[in-house]
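Trainee: Shown below is the structure under consideration.
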Amino acid sequence: MPKPGELTFVAPRGVKKPPRHLADLTPAERKEAVAAIGEKPFRAKQLSQHYFARYAHAPEQWTDIPAGSREGLREALLPELMTVVRHLSTDQGTTRKTLWKLFDGTLVESVLMRYPDRVTMCISSQAGCGMNCPFCATGQAGLDRNLSTAEIVHQIVDGMRALRDGEVPGGPARLSNIVFMGMGEPLANYNRVVGAIRRLTDPEPDGLGLSQRGITVSTVGLVPAIHRFTGEGFKCRLAISLHAPDDELRDTLVPVNTRWKVREVLDAGFEYAAKSGRRLSIEYALIRDINDQAWRGDRLGRLLRGRPVHVNLIPLNPTPGSKWTASRPEDEKAFVEAIAAHGVPVTIRDTRGQEIDGACGQLAASER
């Protein structure tokens with residue numbers, strides 16, 4: 001467990017890397033990998049079709065590939081990366097949390113949420129998190145390691161398969177939104193997260209064919225990485241986990257603020273919004289008597305007025321051993337009104353999954 005305020009930007013050394021997987025590679029790299037084991041390059045396209053378009057991982061499902069080639073291709077490009085430990089469901093089965101065991105025994109979680117008009121999946125980019133926010137169960141656990149691009153992508157592939165196969169009530173469906181708001185700080189695992197976004201949005205069968213506009217990447221505010229992300233030219237939405245409008249409080253709630261202050265973080269976010277043409281999302285967990293004073297709402301509104309932003313207020317979700325709790329309804333209402341008075345769009349998030357520890361800030365990947 002990290003010490004209060006301690007930050008970890010780099011994953012521990014000596015951690016064994018996951019096996020290479022189709023989803024780690026570009027289409028050109030897949031052809032090279034297939035050729036390296038003596039197979040025709042077009043087999044790479046066939047494998048991509050099975051994985052990204054049909055969600056078919058088992059060699060016996062690849063009927064267009066000779067039986068004698070299947071096992072070699074599986075070993076080279078579709079090794080087993082992760083297995084399901086369990087699913088937990090709530091909301092009549094329309095919210096489902098999955099606990100995954102990775103190849104090395106590491107545990108991570110993802111959450112699928114089906115609404116009447118959309119299906120959203122919250123995915124993890126790291127096992128644990130090094131940002132050490134004291135109100136977040138993931139942050140309090142520390143960082144185990146980064147996930148590979150394929151380990152990130154496979155969470156979505158399995159979610160899409162589950163929706164197609166009717167495992168989630170409501171009939172067959174397709175994912176409409178992906179949010180990098182599960183375990184980890186996405187921009188601290190920059191290259192693999194960017195690789196995952198490319199796999200998710202590459203046209204089928206090279207990728208999953210999802211829209212960049214349906215993807216949200218959340219960050220506590222790693223300013224150099226935000227600038228770098230701006231240069232990628234993505235149309236994803238960027239969400240900044242702000243949680244306080246003043247440096248004095250944010251230094252405590254979001255320890256990375258000791259490196260990059262509120263105005264630096266917001267300016268980097270505004271730059272991304274201008275380049276991408278997407279509104280910046282401001283995430284703010286309301287904590288009773290800590291950051292929910294109306295004057296802080298007023299200060300936040302002043303910082304954001306006239307900017308292309310949307311404020312997402314999150315009633316604090318309980319975590320084991322936490323001394324904090326959600327705001328009183330009257331304080332929440334006054335906070336909303338203080339922000340809205342500056343013409344800044346603000347909503348309170350419809351929190352799901354709290355009963356199964358699947359809501360924002362609750363993912364701890366425990367086998368208990």
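Cβ atoms are placed via backbone N, Cα and C, with glycine included.
These came from Swiss-Prot, pasted as-is:
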type	residues	note
ACT_SITE	GLU109	active site, proton acceptor
ACT_SITE	CYS360	active site, S-methylcysteine intermediate
BINDING	CYS129, CYS133, CYS136	[4Fe-4S] cluster binding site
BINDING	GLY184, GLU185, SER218, SER241, LEU242, HIS243, ASN317	S-adenosyl-L-methionine binding site
DISULFID	CYS122-CYS360	disulfide bond
Trainee: Whose Cβ, among the recorded positions GLU109, GLU185, has more other Cβ atoms within 10 Å than any of the rest?
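Mentor: The largest 10 Å Cβ neighbour count belongs to GLU185.
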Trainee: What whole-number Å value do you get for the CA-CA distance of SER241 (S-adenosyl-L-methionine binding site) and CYS133 ([4Fe-4S] cluster binding site)?
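Mentor: Rounded to the nearest whole number, the Cα-Cα distance is 10 Å.
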Trainee: According to DSSP, does CYS122 (disulfide bond) fall in a helix, a strand, or coil?
Mentor: strand
Trainee: Which one is it: of the recorded positions GLU109, GLY184, LEU242, HIS243, ASN317, whose Cα lies the shortest distance from the Cα of CYS129 ([4Fe-4S] cluster binding site)?
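Mentor: Nearest in space to CYS129 ([4Fe-4S] cluster binding site), counting only the recorded positions, is GLY184.
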Trainee: Listed recorded positions are CYS122, CYS133, CYS136, GLU185, SER218, ASN317; which of them have CA atoms within 10 A of the CA of GLU109 (active site, proton acceptor)?
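Mentor: Candidates kept after distance check: CYS122.
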Trainee: Just the number: how many Å between the Cα atoms of CYS133 ([4Fe-4S] cluster binding site) and HIS243 (S-adenosyl-L-methionine binding site)?
Mentor: 10
Trainee: Give the distance between the Cα atoms of HIS243 (S-adenosyl-L-methionine binding site) and CYS136 ([4Fe-4S] cluster binding site), rounded to the nearest whole Å.
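Mentor: So the Cα of CYS136 ([4Fe-4S] cluster binding site) lies 12 Å away from that of HIS243 (S-adenosyl-L-methionine binding site).
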Trainee: Let's check the environment of CYS129 ([4Fe-4S] cluster binding site): how many other CB atoms sit within 10 Å of its CB?
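Mentor: Here the count is 27.
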Trainee: Rounded to a whole number, how many Å is the Cα of CYS122 (disulfide bond) away from the Cα of SER218 (S-adenosyl-L-methionine binding site)?
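Mentor: A Cα-Cα distance of 11 Å.
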Trainee: When the number of other CB atoms within 10 A of each residue's CB is tallied over all shown chains, which of the binding-site residues SER218, SER241, ASN317 has the maximum?
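Mentor: Per the Cβ count within 10 Å, the most buried is SER241.
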Trainee: If the S-adenosyl-L-methionine binders are GLY184, GLU185, SER218, SER241, LEU242, HIS243, ASN317 per the record, what's the largest distance between their Cα atoms, in Å?
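Mentor: It comes out at 19 Å between the most distant Cα atoms.
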Trainee: In Å, rounded, how far does the Cα of CYS136 ([4Fe-4S] cluster binding site) sit from the Cα of ASN317 (S-adenosyl-L-methionine binding site)?
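Mentor: So the alpha carbons of CYS136 ([4Fe-4S] cluster binding site) and ASN317 (S-adenosyl-L-methionine binding site) sit roughly 9 Å from each other.
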Trainee: Let's check the environment of HIS243 (S-adenosyl-L-methionine binding site): how many other CB atoms sit within 10 Å of its CB?
Mentor: 25
